[in-house]
C-alpha cells in the first residue's frame, strides 16, 4: 500500500518512464514478462456516482479524467467533476447514449485518452465494448474481453465453475429467448425458478416465479427489462434456492496470474433481487465456510485467467452449502464496504493493474490483507417505500447530508436544485459506515441517515432506518427473505417536512392568491399584537413547592376545574350554585368571533393569549372555546384541525373549565347522524379536554336534546341542558311560546338528568339590540348564577355583552365578579389589535351598530352578520332591509319556529329566496307546488332536523313535499350505526397518519375533512403562520419567524417571485429559510389557462387513475369502452430501467384515455378515467 511519498514518486515515474519491463519469478517456478505502461488519462464510460468515484481516484494518482454525458445529463455533476467532458449520443434516448460504443471510442481518440474505465452497468459487462477499446489502441480497465465474454455469459460461467470444481445450481444450458422455452424448462424442472438477464446483472430483468400461470408474463417483463438495460433480452433460468444468504467474494487479479480475495460481503438484504444494504464482512459466517468460499472464488478466477477487480457471487443455504451464482466482471456498487474494512482502494488498484503493476508490488499478498471491523453500505435512492418503492423524480428542493466520524458518502447530483430524472437509476447517494463491530457501524449509519434532509423527492431513508433498527439485522441474522418476512419494515413514521410544505403554501398564496376565501377586499393589518406578560412566581415559597413536586412556578393558579376533576359534575354544579358572586363565561374564544368575524379567528391567535387567560382569569365559570361553527370552519377555511386546537388550549389553560356548544343529535354538524357518532364525538371531546357540554336543539325538540345530554353525560362531561328562547313571554297575544312552555320544558330536562341538581341558571344572549349588559345585570339580580360575556373589544353588536361593563357595574356589590378591571383592559387590548388582522371578515364592513329591530325580525345574533354577508355575496346587499322583513315572514310561514343553527339557517335561506325572487308570503304559499325551494327548507319540512313545537305548517308542507318521503320522530333514530373501522380504513387508503380524530371529523363532514387532509398533506401546519401571512402571504423582502413547536423556530425571508413563466406554467418563488436559499415551484393557475398541461389525477376521486411514478407509456392494454376488473393490468410504464404494470383500482368501464404509447408522464399525471 502506498504512502504519500511513494505516491509522489509513482507519479514522477509515470511521467518520466513511459514503459518498464519487469521480470517476475513465481513460486510455482514459471516466469513471465509483464509490461508496465503508465496511464495518463482515463475516460469513464459511465455516469453518476461511479464516474465521480473513478475521477477522484484518477486525481489522487495524477491522471487526467475525462467524462462523457448524454443530452439529458448536461447539468449532471459527474461531467463537472472531470477534467474534461464530452457529449455522446446526441439525439439518442437517454440510456442508448451511454451504450454508443463508436462515439465513446471517437471521444477517446480525439482527446488523447489512454484508458477506459467502464464503471458498473451500461457497457461494463459487454465484451464487444472491451474488445473495441483494445482494438482502438486503448487500455480497458477491467478483465480481458475473453473473460468478460465468458463471465457475462451465464452458461459459459457455469461451465467454467464446474471445470474449476465450484458448486453450481441446476439451470438452463444456454440463454433462453422465448417464453415457450421458459415454460418448457419450468415444466421439466418444476418451480420455483428464477429468471436472470443472460447479459447483465444488478437485479435488472430478474423475476422469481412460483406459479405456472405467471411464467409467460414474468418472462416477457423480465426479458423486456433486460433488453432495455443491456441491449439483449436473452434470459438464463435456474432453480431457486429457498432462504439463501447472498454472499459475494471480492477479487483482485493481475496480469502475472496472481489472484487475491479481499474477503466477502453479505448482500442478503434485497428487495426484488436488488441489493439495498450490504455488509462486510458477512456477519455470523463460520470461518470454515468463509475459507472454502473465498478459496473457491480464487480458484475460479485463476482457472479463467481473471485480471483486475471482480466479484464471485454465491448463494449460501442454512446448512452452510454454497452455490456459484455468477461472476461480476467489473467493479460493483458495494465495493465501498470492502475498501473500508481492508483499507485498499479498489479503483486505484484497478488502474495500477491496468498499467501493469502486480499485486505483490502493490503490497497485496493474501497474508497482508486482513479485515478490520464492520462496514455497512446503504443505497439512498429516490424511491418511495410507502408506495411500493416506485421511482420518484423531480427537483431536489433541499439536500442536507449526514456526515461525521466513520461515515463516507459517495454521490453525484446530491445538492439542492439538482434534477432527478426518470431516465436513469434511482441511486442518489451511497452512505457507508465503518466501526469496530456491526452494532456500532449500524449506530453510525442510523445517526447519519437521520441527519439527512432531502425534500422535493421521496427517498427510501425511512425504510433503511427501519432495517437498521431491526434486531435480526443488528445481530447479523440475515437471508434473502429478510425484507419479505419483516412487514414492519414498511411501517413508516412519515417525515413531517413542515418547513418545505409551509414554503409551498406561502408560494401558492403569493402566486395564486389567498387559499381561504376572503369576505371583503379589506386587507389584514400589518401589526404584531402585544401579548400581555404572564406572571412568574419566583418567591421562596413557590420555589419550595416546585422542589416538592407540587406545582411548577409557571403553572397558573387553581380554578373551578379542580373541583370538577376531583369531585365530578355533581360537585361542580353544587359549587357553582353555592357561589355568591356572579360567575362569568367568556365567549371570546368562540361565539364572539363567530358573530363578529365570521368564525375565522385562528388557533394561532387564541393560543398566544391562552397562558395570560389561565393566569389572570382563573375564577371564570368557564371558557367557551369550541363546538358550533368553529368545528367545520376550522377544517373548511382555516385548514387546521379543531381537535388539535382543543388539545393545545387545554395544555395552556389547565385550570379553567372549557365549554362547548353541542347541537343535540346534530353534534357539531347541520344534519342528523347515527347515534353512535354523537356518543363517540362526546367521548373523544372529553378525552381531548372538553368539560361542559351546553346541549341544545334548534327546535327545542326533546328527543334530540335528550340524546345529546345522554351522550355528553356518558362521556363524563358536565351536562348543561339549554333552552332556546323565541317570542315574547310578556306579550299575552303570543301564546305559542308562553312562560308555561318554557317551564314545562325545563322540568322535562331536569327529569332527563341534567348535571345541575340545584338548578343553577346560566344565561346566554347576543347584544344585537344594544341592551345586552342591562339584560345580564337584570338576570344576575333575578338569581342567575352565570352569564355570558365577551372581552370588551370583542363584545357588542351581534356578539355578547361587554365583560368590562359587567365587571365594573358589579364592583362593590354582593354579586362582584372578583375580576380586576385592569386585567380585563389588558386582555381587551390584545384582542383590539388582533381583530385588525381579520379585517377581511370584519362585521363592521356591513353592520355599523347594534339594531333593536331584532325584536321585530327575531334574527339570532349569531346569524345576523352571517346573513348580511350572504346577502352581499348574493347581490342583495342593497336589499338587506328587505331580507330582514322577509325573515319575519319566512319564520311565520314555517310555523313560527325556534331559530338557532340549523333551524335559523332554514328561515334565512327562505327569506333570501323570497327577496331574490320578489315573492311575498302569500305568493310562496300559493305557488309552493311549482317553486324550487332551497334544500334546507325542503329537508326541514321532511323532518330531517326534528319536529317543531306545534307541528309542521300546513298546507305549506304538503304543497312543497308532495310525494317526497317524510321522517316521523327523531331523525337519527332510524339511521344505521356508522362503521368507524371501515371509515378509518378508507381514509388510510388516501392519507398517511390517520387518527381517530380525523375519522370523527370525516364522520361529521366527509368531503370537508377529505379536502382538509389533502391540504394538510400538501401544505403542512399552516396554523403556525402569523395570520396576515396565512391570509395574504408575506411581503417580498419581509423577514419573520414561524414557531413550529417548543424549541423549534423557522426563520423565513420572502425574497422574490419569478417574473418568467416556465413552459409548463410553473413560476419559481424564492425564500431564505434559516439563512439558506430555498426555491419552490408553483403552478400559476391563471397562466395555465392558456397553456396545455397534462391533467393530474385527483387523489380524492378513485375513478381517476394516475401515474404511480414518472415514466414513459410503453404498452396500453385497454381502450375506451372496455370493461375492466379491479386489479386488471391497464398500462405498462417504464422508468429508471424498471417496468411497472398499472392496475385498475376498481371495476368499471374505461370512459376516457389521456395517454398514448410513448407519452411521458410525471407522477400523478392522469392516465384514464374509469366509471
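For all residues, glycine too, the Cβ spot is worked out from N, Cα and C.
In TrEMBL, annotation is done automatically, which means it is predicted and not curated.
Sequence annotations record features per position, and here TrEMBL assigns domain 'Biotin carboxylation' to 38-488. According to TrEMBL, the feature ATP binding site maps to 154, 238, 273. As annotated by TrEMBL, domain 'ATP-grasp' applies to 158-355. Under the heading domain 'Pyruvate carboxyltransferase', TrEMBL lists 582-825. Marked as Mn(2+) binding site by TrEMBL: 591, 764, 766. Among the features that TrEMBL reports, substrate binding site is placed at 663, 901. Taken from TrEMBL, the feature domain 'Lipoyl-binding' covers 1102-1171.
Of the recorded residues, residue 154 (ATP binding site) and residue 901 (substrate binding site) place their C-alpha atoms 77 Å from one another. Here the Cα atom of residue 663 (substrate binding site) is found 18 Å from that of residue 766 (Mn(2+) binding site). Calculated from their C-alpha atoms, the gap between residue 901 (substrate binding site) and residue 766 (Mn(2+) binding site) amounts to 14 Å. Report note: the Mn(2+) site is defined by 591, 764, 766, and the residues of the same chain whose CB lies within 8 Å of the CB centroid of those residues, excluding them, are 587, 595, 765, 788, 799, 800, 861, 862.
Restricting the average to the domain 'Lipoyl-binding' (1102-1171) gives a pLDDT of 87. The most crowded of the binding-site residues listed here (238, 591) is 591, judged by how many other CB atoms sit within 10 Å of its own CB. Shown are the binding-site residues 273, 663; of these, the residue with the fewest other Cβ atoms within 10 Å is 273.
Excluding 154, 238, 273, which define the ATP site, the same chain contributes 171, 194, 195, 196, 206, 236, 237, 325, 326 within 8 Å (Cβ to the Cβ centroid), listed in sequence order. For residue 766 (Mn(2+) binding site) paired with residue 273 (ATP binding site), the C-alpha to C-alpha distance reads 70 Å. Between residue 591 (Mn(2+) binding site) and residue 238 (ATP binding site), the C-alpha separation comes to 74 Å. Note: the CA-CA distance between residue 273 (ATP binding site) and residue 764 (Mn(2+) binding site) rounds to 69 Å. Within the same chain, residues at least 6 positions away in sequence whose Cβ sits under 8 Å from that of residue 764 (Mn(2+) binding site) are 585, 587, 591, 694, 722, 787, 788, 800. With DSSP states grouped into helix (H, G, I), strand (E, B) and coil, the domain 'Lipoyl-binding' (1102-1171) comes out at 0 helix, 38 strand, 32 coil.
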